[in-house]
């Protein structure tokens, strides 16, 4: 007979089995142990444990794309809610608690002086003034320039800048001033921007270059003349003919003839004008049409300079009395370098680095004025400008020999600026005598300060800590300190405690040699000789010529604030341009440094592009 094992297994019962009850009991116990050794499914466990002892089931949450434990889901949502509330609370605290703003440090003296120095150019504007000129005592003036002289080809010579305290418009120093301003913008546009003066200085440059474009046929490829000067200043021989030096009149009231001086062989002037337009083309490179117009004009002028050799001030002309040019070879190097940067045409670089050109410019013979940059001699500026090319692009052969020479010569005249050497004397107050004690020293000092600060920044940008003067090594900080001490002297750190920049500080010249500033704006027109009473007055000028750097002290640190003595009190365009350049170089944070690349925008790669690799071989 067969029965069923209660655990589901078959159980055979034999009726004839003679086993005893004890044996059956032992057999059942063995079966119990065997059954318990097998894993039980959920149903079997429910039979044994009953309904009250069943294992609790986990609960889940169906999120559609995934099923997660309800416990984990609750914890996750709770954590997110608490985190959101905490973040919102922190944000609320941050927004409601008063903030302590960190104020920017006040502008340094160089930046403050920069604002004022640029205003001088606004006061010197000729022609129809823009509405935002911001010089209350100036109005439109000399609107007939060019038209009143029937002998000249260029009839519209309205605009530009008056050179100094008179109303003459000299192209030669004006072009140098525009070149210096453009150079400073190319190198330090970030500093101009930080000072809030970038647009202002670009307007100043454009006012100058717009006028220069009027003084020759700028649409032609070849020219035969330049309008070099408007107005006359010669008063020799006790001449009483009304002109810009004999008369003392506001420019707005001028009623005497203003002749135009044309030149037909003026290499120095044409090459300097080319430098001005070429450098400005880099400043305005974002204005493509205007930049190309400037480049075309610069090319035309430089071709004229090379083809029609001669000095613009030769032959005892009126310019020779005031801005006599000693040579045109330095302008060839200077203008060629700027045209190379503006165009990338290597023919200009070949010319600027030609050994014979450098020799004629005086690069190898030294002299008492060696290394002194001025409106007359640009060699020092050209040497620094071309040293830049070697430092950052290193063009190699065939330029390396002369570029290396220029670089070494730059190092030499930088050494001459330092107080450890005796190339130039200094006043007891510390002003370097770059013009060897002659009058009007400051225009040379500011140019040297600019070159020193700039060259220091070049070396820093090239990761060069300094340079050698003979066996001694000097850090770039020494050069910068030289520039600072000279500009600090000009701004008032001198024995007289006088600022030589009008409007800067509390003690500055009040009787500047300047017609417009010395005659009151009182709706009275003073005649040619009627204005002499204002020239000879000992009273301070009724109008402040803000930003004008006067000619400066003598070699004993002495200064006479006398209107009639122009060797002390007359400002000039060229002098103020050097001042602006030096101030922006020293202003703001030293770490800003120069713009290494903008000047090379048009320069092609120094080395030819390697040929492409050959096509893969195919069997």
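Even glycines carry a Cβ here, placed using N, Cα and C.
Pulled from TrEMBL, these are the features on record:
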- 1-28: region 'Disordered' (REGION)
- 72-94: transmembrane segment (TRANSMEM)
- 110-583: domain 'Glycoside hydrolase family 9' (DOMAIN)
- 513: active site (ACT_SITE)
- 561: active site (ACT_SITE)
- 570: active site (ACT_SITE)
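Features recorded in TrEMBL, as mapped to the structure shown.
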{"residue": "513", "record": "active site", "Cβ within 10 Å": "26"}
{"residue": "561", "record": "active site", "Cβ within 10 Å": "16"}
{"residue": "570", "record": "active site", "Cβ within 10 Å": "21"}
Measure from the CA atom of residue 513 (active site) to the CA atom of residue 561 (active site) and give the result in Å, rounded to a whole number.
9
For residue 513 (active site) and residue 570 (active site), what Cα-Cα distance in Å is obtained after rounding to a whole number?
5
So what pLDDT does the domain 'Glycoside hydrolase family 9' (110-583) average out to?
96
